[in-house]
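Trainee: Take this structure, written in structure tokens, and hold onto it; I'll ask about it next.
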Amino acid sequence: MDDNKRPLYLPFAGPAILEAPLINKGSAFSEEERIFFNLEGLVPYAIETIEEQASRAYDQFRSFNNDLDKHIYLRNIQDTNETLFYRLVQNHISEMMPIIYTPTVGLACERFSKNYRRNRGLFISYPNKDRIDDILNNSTRQKVKIIVVTDGERILGLGDQGIGGMGIPIGKLSLYTSCGGISPAYTLPITLDVGTDNPQLLEDPMYMGWRHPRIGGEEYAEFIEAFMQAVHVRWPDTLIQFEDFAQKNAMPILERYKERYCCFNDDIQGTAAVTVGSLLAACKAAGTELNKQRVAFLGAGSAGCGIAEAIVAQMVSEGISDEQARSQVCMVDRWGLLLDNMPNLLPFQQKLAQKCADISHWNNFSDNISLLDVVNNAKPTVLIGVSGAPGLFTEEIVRAMHSHCPRPIIFPLSNPTSRVEATPKDILHWTSGQALVATGSPFEPVVVDGETYEIAQCNNSFIFPGIGLGVLASGARHVSDAMLMASSRALAECSPLAINGSGPLLPKLEDIHSVSKHIAFAVGKVAIEQGLSLPASDELLMQSIEDNFWKPEYRRYKRTSF
């Protein structure tokens, strides 16, 4: 029987119900519920449906003149009536996703302490490192199945935001629910407050975090270890998603814990999965295969290298050697093309550095090989930007790429929109509409020579909700590389352009529920095949996905004392 059709028995009544966002219905309480729960007079007389409430809330939403005010308004609804919040977002997903998450969430993080209104999630501060167990027990969420955790050091492209980074776990979990059907009762945002190196925050009298320079080294590692152990004791089956950790910490943390606990890093693995899925769709639309592409990256941090490694793995799965695949991927950072003779390369960069001997014949060979040099010599067919620096995909670079590639695949993925390497409008005009474009943030359609091009948003929200749903539905104990690869292939199978030869590269957000279920099935099936969860037939897995898919509908309430 559907949970929404079963009554929910509650042991308390009166104002306490109205103050509990997971169960509050506001004006939608029935006459019987108002009597039994002592709510008469506490809400207006009229009994409304959730759609009537959502209609009013949408009118109020549209009355605000800027996106930050809209974000604050939606967060207020979320903190008072979560079911209504998710019905409202579900009804207007394309309009509201940029408000509850990127790009607006970046501004919300910057102003977190100034705009703080009500508690949500947990703040675990370093001075309380010996009381992490107690803090976890203080959570009002008792059946946590998904945690998104950040330390606030690398928030989007905005850098160190301290505890203001809490806006990211809150926003990400909102998407787990609105896109992936994860019940909000099973989600918990957490910020690890380890100080901040942002002088503006340290000097801001309104900053609400621990006023101390960031800890590092052994102190930091021991704090993360204590946190991970405590979470595993409190909720042993929960999925932990790492979010917006700095480059120096993100990869080491992932490598340390991915085999011990059920966890993944969305910036590294989620971004890689959605990018590979988008590339597979673009290749199919262009009538080619990924293993035939030459790929150039601008940005060689943990996210860029994570994407590159996923591309290499997919190329290898398509039949070429690892060595050949790596020779087809060029990583460019602020110092130029990564080369194997460069000192101070990070461990995750070393395997992606080009061999000097292999490029010695290039024109303009020097110690600092620019992106334009790479385009002119390597002749890439794919260009991916994860630099966080705006405008670096110049007209000269894009035109040079198009001169040797009739249908270049160009993904300027940096967030927010103010930091994108090039706008879709410019890219499509420079390539006469021939480029296959996907971006990290939302952009309006572009018209070139009378033809309208819808811009695909290579957004992690197409991937991580489905991964989370697949993990929950299958009971997977870990998130394996094969599960992530399966999510990429499943996303590509949903591409309108690849399937129909027209339309956007990625599905519309209005189709996100079916996309997430499709990805969840692919992820869960691999988990079962790898022995990471209990055996189950395809039918049982699909039924589990449906059973775990929460819908924003009010349940009937009964009082336990009656």
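Cβ coordinates come from backbone N, Cα and C, glycine included.
What Swiss-Prot records for Tyr101 is active site, proton donor, and it gives sequence analysis as the kind of evidence. Annotation source Swiss-Prot lists active site, proton acceptor at Lys172. Under the heading NAD(+) binding site, Swiss-Prot lists Arg154, Asp267, Asn415, citing sequence analysis as support. The divalent metal cation binding site feature in Swiss-Prot is assigned to Glu243, Asp244, Asp267. If you look up Swiss-Prot, you'll see Asp267 marked as site 'Important for activity', on the strength of sequence analysis.
Mind mapping these onto the model and telling me what they sit next to?
Mentor: Around Tyr101 (active site, proton donor), the same-chain residues six or more apart in sequence whose CB sits under 8 Å from its CB are Gly171, Lys172, Ser174, Leu175, Ser461, listed in sequence order.
Neighbour count (other Cβ atoms within 10 Å of the Cβ, all protein chains): 28 for Lys172 (active site, proton acceptor).
Counting only same-chain residues at least 6 apart in sequence, those with a Cβ under 8 Å from the Cβ of Asp267 (NAD(+) binding site) are Phe242, Glu243, Asp244, Phe245, Ala250, Ser302, Ala303, Gly306. In the three-state DSSP assignment, the secondary structure recorded for Asp267 (NAD(+) binding site) is helix.
According to DSSP, Asp244 (divalent metal cation binding site) is assigned to coil rather than to any helix or strand.
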Trainee: I want to check the contact list for Asn415 (NAD(+) binding site): same chain, sequence separation of six or more, C-beta distance under 8 angstroms. What comes out?
Mentor: Thr102, Pro103, Gly106, Leu156, Gly157, Gly440, Ser441
Trainee: What's the most sparsely packed of the binding-site residues Glu243, Asp244, counting other C-beta atoms within 10 A?
Mentor: Asp244
Trainee: What other residues of this chain sit with their CB within 8 A of the center of the CB atoms of Arg154, Asp267, Asn415, the recorded NAD(+) site?
Mentor: Ile155, Leu156, Gly157, Asp244, Ala303
